Amino acid sequence: MKKGINRVVLVGTGAVGCSYAYSMINQGVAEEFVLVDVNEAKAEGEAMDLSHAVPFSPSPTKVWSGSYADCKDADLVVITAGLPQKPGETRLDLVEKNTKIFKQIVRGIMDSGFDGIFLIATNPVDILTYVTWKESGLPKERVIGSGTTLDSARFRYMLGDYLDVDPRNVHAYIVGEHGDTELPVWSHATIGVQKLETILANNEQYKQEDLDKIFENVRDAAYHIIERKGATYYGIGMSLLRVTKAILNNENSVLTVSAYLEGQYGEKDAYVGVPAVINREGVREIVELELNEDEKAKFAHSVKVLKETMAPVL
């Protein structure tokens, strides 16, 4: 790490990686931004294209294509590399294929002398974040997955649309696996400072069955998008940007990242999407919500599925 200069290395210049890269340059988040890909020509082309956008950015960024050696001085390495989810394929279906890819990537990065923070986006993200932690040997606080940041954003957007409220004033979380077993924390959902359950009780036009449908659309959003355009990338690109800003700016912001549990929520030895305080050190602490009995059971099931899926590849 260079004093006073933030360096971010992106590994993987597919649609997700490039959406994140464009967001980073667009907002001028880091002084140095390096693109790494097994397809070196692709990384070079993307770096050239992005560098031409720098004059329009709010602050200058040095952009180049590089190698794992550039990770030595990096504050943050973001990994989006891996095989994408195909139509009809679940995130967990990808586990064996992408675990093999990830082990090679992480070893290459660590061989550079990297001692910063990992941010993982490749699916199945909770499992691959765990794999990264194990392979890297870094402290658990400095290995983070995108978790349910995107799911929570989708949730806030759809609830805001339903209630005709700015989604930035919707405070609601999706937790658990980033995938089919995720769950909404209805018991802590608020609009501004008012509980969602209170709004529901006092307004006949709002119905629980509508909210349940909203959650289903959140959970299945990736399937719907993949069916129509082949992949999702804008939303996750912005999600990664948000986590990056929280880290580099030492924000102490609460985001639903994939973080390591060691007793919180009654679970341990798993990376799962939960609210956590994010700053320059990575995960400062996990915010433990008081879940109701139904939410507790669903969360425990989500963790169980992740562990069962992960066991054969570790």
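Cβ coordinates come from backbone N, Cα and C, glycine included.
Of the residues Val16, Val106, Val165, Swiss-Prot places Val16 in the same NAD(+) site as Asp37, Lys42, Tyr68, Gly82, Leu83, Ala121, Thr122, Asn123, Ser146. Ranked by CA distance from His178 (active site, proton acceptor), the recorded positions Lys42, Asp151, Arg156, His171, Tyr223 have Asp151 at the top as the closest. Tyr223 (phosphotyrosine) and Thr232 (substrate binding site) have their C-alpha atoms 9 Å apart, to the nearest angstrom. Residues Val16, Asp37, Lys42, Tyr68, Gly82, Leu83, Ala121, Thr122, Asn123, Ser146 are the ones the record ties to NAD(+), and the longest Cα gap between any two of them is 24 Å. For Lys42 (NAD(+) binding site) paired with Thr232 (substrate binding site), the C-alpha to C-alpha distance reads 20 Å. When the C-alpha distances from Thr232 (substrate binding site) to the binding-site residues Val16, Ala121, Asn123, Arg156 are tabulated, the minimum falls on Val16.
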